[in-house]
Amino acid sequence: MVAVNKLLTSVFLAIVSASSFAALTVPINSKHATHRIRSISNNVKIEVYHPESTYQTFGTGIDHPLRKRGASLKEASESFVSSYLGVDSLYHSGFSGDTTSHAYAHQVINGLIVSNAVCNVAFNSDDKVVALGSSFVKPPSVPSTTPDVSFDDAKTTAEAALDGTYVSEIPTTVEYLAKDNGEVVLVRVLQIRNEAAGSWYNAFVNAHTNTLESITDYVAQATYRVLPITAETLLDGFEDVVDPADLITSPDGWHSDGTTNTTDTSGNNVLTYKTTTTNTSPETDADLVFEYTQDPTVSPTTAVNVNAARVNNFYLVNSIHDITYRYGFTEAAFNFQNNNFGLGGVGGDRVTASIQDSAGTNNADFATPPDGQGGHMRMYLFTETTPDRDGALENDVPVHENTHGVTNRMTGGGTGACLQTTEAGGMGEGWSDAMADWTEKTSAAVPDFVMGQYITSDPAGIRTHPYSTNSTVNPLTYADVGTLNELSVKCGPIFLHNIYAALVTEHGWSPDSRTNPDGTEGNIVHMHLFIDALSLQPCNPTFLTARDAWLQADVNRYGGANRCLLWKVYASKGLGVNAANHVNNADIPSDC
Ligand SMILES: *[C@@H]1O[C@H](CO)[C@@H](O)[C@H](O)[C@H]1NC(C)=O
Ligand SMILES: *[C@@H]1O[C@H](CO)[C@@H](O)[C@H](O)[C@H]1NC(C)=O
Ligand SMILES: [Ca+2]
Ligand SMILES: [Zn+2]
């Protein structure tokens, strides 16, 4: 989602000193890394829990029992986890990228998986283990594996509690669920969706007591906060882009699903529509010339403006598909495509993008169900100006939303369930902003980055601070994570903006970074580390484990060449070597 509370942070700003954070004492929210309160409706809230992940990275790697024996990812990861942690696990998904292979698994007790006790193991090209994340639990006792509650009764409970209907094409399962009191409970697991309301959950209903125990929320959730108006004229940045499809990453172009060609805003990666999924363009163009000039003087709902918005959104989602594919968000790495061309992963899951969605205003959201179920983007109108403005016409917004799909799919092995805690969700918001920051660069300059200034007609945009290397302009540090709600946890991209700046200063800038990931320039290095770290990091990462995943990604791909550069940036924002529990630390390794 893109909306944010600007007022909240003004409170702590008064006490933050950008230059000396050592003396700062902040209330610690110890639940940020493991819990999150989800609002189902105005009067229903549910606090979800994910056992804390431990995360170890191993530099150039450690041995595992089946190393160099041609074992499958499943065999290698299960045997390593068993020997290293003494825990039984069941492989869920995995893939091999260009520098690392990744396996994702669940803990197993009495033959049943524990839904929220997971692990991920990464192997380098030498078949050594380079990273292990795990949130395994040791319950004092374990309830019977036999449900007392029928599926129909659990379904009734879940549908009533979540105001939606069971998604019958997704098989229901019986699993264990770890609770924050150390117990595990037996649960029936089923998907519940309400398309009109835009809600989409995985529901965990206690199979002995028939109560809703927890949810996974697939939607990077919408809020409807109104933003301040300041008068400013509409920007006009439209230009014609000819044949933008990257035929390496979208081999049949953007207007084909591999079997059928289209002449509207639908293809293998995305279907963009207004109101109904068949409303993909009133004037389909056999020559694929989609030139609609936005008329900013009339309502966004005027036909020409609907078309301009639909085409722009289609262009952006395809572009993000193609760019992130180049850097590793492939079919096997759980991306969004209908036809996977036999390259792994589960297909049938292109993004559907609804523009000018009538469900809300002044926001946007993106739902990321597991691999094989389509991602769903909703873009709303922004009502702070006359006429209204269209979120689909400010590139920051669709890029931000689409990136929720990338980060939710790549973290934790395509489950869509691994950015669920407050801290991980907050970083998700940050990565989405950072992707927009990256895609909008046209030179080596690294100006401050502002999100959402067009839709709000506010030069300050929708975040509390611009992203800036200047700590007066953006004083947020790691310590702020402990005090803020997730919408305001924007420290992730603050680090990322500054890491980007440092990498470009060190290694230069490539104008071809969107299609050529092989260069050595800083913007290319940055996007490799960004994408690589997503698959490496544990389920529900914290700022600390996400940092460690970046450092390990640098070892895997660049032999650790950027280690000191990264540490210096992290330390400058409070995430130094001895940072912990949302208390800043500025230490860097002694050899840096
Ligand atoms: C579909 O489009 C592709 C690429 O634009 C083209 O090569 C192919 O011949 C088309 N297929 C059909 C059936 O028209
Ligand atoms: C940082 O921003 C402040 C406030 O805008 C400005 O006064 C200062 O000159 C900036 N510092 C640098 C190094 O640009
Ligand atoms: Ca897929
Ligand atoms: Zn968001």
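Cβ coordinates come from backbone N, Cα and C, glycine included.
Database features (TrEMBL):
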- 1-22: signal peptide (SIGNAL)
- His400, His404, Glu429: Zn(2+) binding site (BINDING)
- Glu401: active site (ACT_SITE)
Do me a favour and check the Cα-Cα span between the residue listed as 'active site' and Glu429 (Zn(2+) binding site); whole Å is fine. 9
Neighbour-count leader, CB within 10 A, recorded positions: Glu401, Glu429: Glu401
Among all protein chains shown, how many Cβ atoms are found within 10 Å of the Cβ of His400 (Zn(2+) binding site), not counting that one? 26
Once near-sequence residues are set aside, which residues in the chain of His404 (Zn(2+) binding site), 6 or more away, have Cβ atoms under 8 Å from its Cβ? Ala220, Phe366, Thr368, Gly428, Ser432
